[in-house]
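Residues or ranges marked as transmembrane segment in TrEMBL: 68-84, 96-114, 126-145, 151-170, 190-215, 227-244, 256-277, 289-308, 320-343, 355-372, 392-414.
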Amino acid sequence: MKTSIYNNLNNPEKLEELYQTEPKRFEQAFRELYPYIAEKPGTKFWMVRLDFKKTETPAEREQNRKSIWLLILCSVFAIFLIKLPDIAGRKTEDYYSANAAFIVFAAMTIYIFFDRKIWSKSRFGQVAALLIVPVIYINLFPGNFSTDIRNLTYIHFPVLLWGIFGWVYINFYRRDYSRRADFIRANGDIIILTGLILIAGGIMTGLTMGLFNVIHLDIEKFYLQNIVPAGLVSAPLVSLWVIRHYPNITNRLAPIIARIFTPLVFLSLLAYLIAIPWAGTNLFSDREFLLLFNLMLLAVAAIIAFSLSETKQQPSRFNLFMLFGLTIMAGLANLLALAAITYRIGEFGITPNRFSVIAINLLLFVHLIFIGRRLGQVIFQDRETRIVEKAITAYIPVYLIWAAIVIFFFPIIFCSY
């Protein structure tokens, strides 16, 4: 959206069309872009228009009421699914590990699908099939497969559901890279706001149980078994509702956090890589160390992606160099992890876990090369930061395809393990 606004600053008809099509998204993008275009003709008019506090019309009040009811219905749906084993009286160990991600992402997908008013019978059928088929598959997963195959399936299932949610979030415009970037930013906002809601909920839980204990009423078991699970599955939904209808609450928080943590993560990763030779730990033989190392790489890659997605039209040189340095450091760490897992495969043979780890490391390494190359072009060739945004978002389908391969084909490929 920001790219469309910037390219049409001298085309008032197109700007009005963009605003009328998606007013909330237009407002959020324009406010983020405004500091860099404030001197251009017509931009002051748009800021005055967006800042004007108009009286809420009956139609808008009705729309807000419907949105709240939709939020409540989706929350009830999620709470029902999380309590389904208790309602049915049939608790199974695998229910939550298999379905927890589905409960959250299905509720969020349903909410965004109807709240955007983008649905048609064909789209509804596609989304329903994409949600129903995987969840049936995951719940009918044969019990004779190894624990490794089952765990890999459960780990990659949320990635596939996240992709379905993203496809609906970007209005099914799968080739629109700016919408993909908006989706990544929305993920950051949802994570931050969900964290704040859960922290507040944790404080309220402690206070509530403490107050009831004072009057000698023990509600701990009831509260932990009913209220807490309901809050856990509802918090992401509430966060999604907030960023959809009150975008100004969160759109300044995520960039600040990203800018703060980028140099901190860079220094932490640098210190970690320097400390490895002195620690006496053999990366090539310590399995747990290697797993933690790969988790760290995934976390660093996520921070890079989020930080870059928050980069504005004219980012500071310091921030760009920090991101470039972090990308290089993550790439070097990735090479170390690739060498270690290759050694383990050569020494102990191929297993589903080792094959999965080396594949995801290769995917991350290639992605980091693309991102680093584009960042270098921005820093040293004065290219626009949009090319970095595209380098991040264009690679998302690769991760989704890999998740689908692990979920649907690993049980066939490694059926003998």
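Even glycines carry a Cβ here, placed using N, Cα and C.
Pairs of Cβ atoms less than 8 Å apart link the transmembrane segment (256-277) most often to 320-343, out of 126-145, 289-308, 320-343, 355-372, 392-414. Contact counts against the transmembrane segment (289-308), taken as Cβ pairs under 8 Å, peak for 320-343 among the stretches 68-84, 96-114, 151-170, 320-343, 392-414.
Contact count against the transmembrane segment (68-84) (Cβ pairs under 8 Å) is highest for 96-114, out of 96-114, 126-145, 151-170, 320-343.
Among residues of the same chain six or more beyond the transmembrane segment (126-145), those with a C-beta under 8 A of the stretch's C-beta atoms are 98-99, 102, 106, 109, 113, 153-154, 157, 160-161, 164, 167-168, 407-408, 411, 415. Cβ atoms under 8 Å from those of the transmembrane segment (320-343) belong to residues 262-263, 265-266, 269-270, 272-273, 276, 283-284, 290, 293-294, 296-297, 300-301, 303-304, 307-308, 311, 354, 357-358, 361-362, 364-365, 368-369, 371-372, 375-376, 378-379 of the same chain, restricted to positions at least 6 beyond its ends.
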